[in-house]
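S.K.: Handing you a structure now.
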Amino acid sequence: MLKKQSAGLVLWGAIIFVGWNALLLLFFWTRPAPGRLPSDSALGDDPASLTREVIHLAEDAEAELERQRGLLQQIKEHYSLWRQRWRVPTVAPPAWPRVPGTPSPAVIPILVIACDRSTVRRCLDKLLHYRPSAEHFPIIVSQDCGHEETAQVIASYGTAVTHIRQPDLSNIAVQPDHRKFQGYYKIARHYRWALGQIFNKFKFPAAVVVEDDLEVAPDFFEYFQATYPLLKADPSLWCVSAWNDNGKEQMVDSSKPELLYRTDFFPGLGWLLLADLWAELEPKWPKAFWDDWMRRPEQRKGRACIRPEISRTMTFGRKGVSHGQFFDQHLKFIKLNQQFVPFTQLDLSYLQREAYDRDFLAQVYGAPQLQVEKVRTNDRKELGEVRVQYTSRDSFKAFAKALGVMDDLKSGVPRAGYRGIVTFQFRGRRVHLAPPETWNGYDPSWN
């Protein structure tokens, strides 16, 4: 308020100065000479008198202007002192201030992998509906397969998306026993080309990969914007995924949509990676089955991904190389989060490895151990959170099936598992399917 008042005083001083000079000039030109009244005839009869009058007026004006210059100098001096005191900007005002310590949002493209599904419209409609900024989240649709109907759907979005096309549509030479897997080879080829475009051609620092049959949650962009700095800062992480492999509605805590975990299993299905990771993977990218290849120890290198309690993507694509089998048995039951969580306003430091391992392991092994049958029949409800212990590959698979969680293992790692532990909801309470506390690593022979 004081600054506004001071600025107002300076402005009024300048206005008074200009107005005062205008009045003075008007006064000097219209006032009579000292001692007599002027008349047109007198001035016209005596040119010398006219000259003297003009000179006299000029002298008076000069004296008054000199006095006014002094006044103006005083105003300038007072303004200078006031500006130093209040640090008034002399340039255009700065941009709207950010919260201290909040970096500008990074540019993270959404790479949509498309082929021959014209239903890509459903995927793109949701992405565009929830996208908070076209500048920070450009959408790039990479199309394989040469399917014209799908191409027309993508083109209908105009400049809202960027449409690129994988140029090599030829069949891939494979061994006779792999001919039925031709689709998996083409998918791997497409991923390699599309990710190469994102990181090698467009030079983006990161990207979120989304398949054309995924629908995203309202806070999909918020989730990745918040976890991107964590992924950059923590070398023990190598991806952030929107997917929970055990995310069926009855197996998640719907009251905690903000809950995030570390997982040793690569989930895919809407995942964020950095350019540095692509530089590491591209030279050895596989010919086929790229996602299972990502789950091998030589690629994972002990690193983890972030995954949510409630998935931020949902697949609606029954059509695909797996012929709908996995979709019917599992994928279509995954719950999509509908409650917006302001992740960028939350403290996610609990996901850093040292803090997470300490707190998560204390939580799991601090929970009372209960036999799987007692969990199934909901005995000992008073215990609340419990732990079911397995000691072998076979006992893991048996207990997982009994409790309804995914029982397959990739290089020894269970889906959604971290340090061998799979955590989920069962009949309203938290259950941890866990190895003994002495666990010291995965056995790749557990497949």
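Numbers run from 1 along the shown chain.
Even glycines carry a Cβ here, placed using N, Cα and C.
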S.K.: In Swiss-Prot, C115 is disulphide-linked to which residue out of C123, C145?
M.R.: C145
S.K.: Would you identify which of the disulfide-bonded residues C115, C145, C239, C305 has the most other C-beta atoms lying within 10 angstroms of its C-beta?
M.R.: C305
S.K.: Between the Cα atoms of R117 (substrate binding site) and D213 (Mn(2+) binding site), find the distance and write it as a whole number of Å.
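M.R.: Distance between the two Cα atoms comes out at 8 Å.
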S.K.: Nearest by CA distance to C115 (disulfide bond): which of the binding-site residues is it, out of D144, D212, D213?
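M.R.: Nearest by Cα distance to C115 (disulfide bond): D144.
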S.K.: Look up R117 (substrate binding site) in the DSSP assignment and report helix, strand or coil.
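M.R.: In three-state terms, R117 (substrate binding site) counts as coil.
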S.K.: Write down the Cα-Cα distance for C145 (disulfide bond) and H190 (substrate binding site), rounded and given in Å.
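M.R.: Rounded to the nearest whole number, the Cα-Cα distance is 9 Å.
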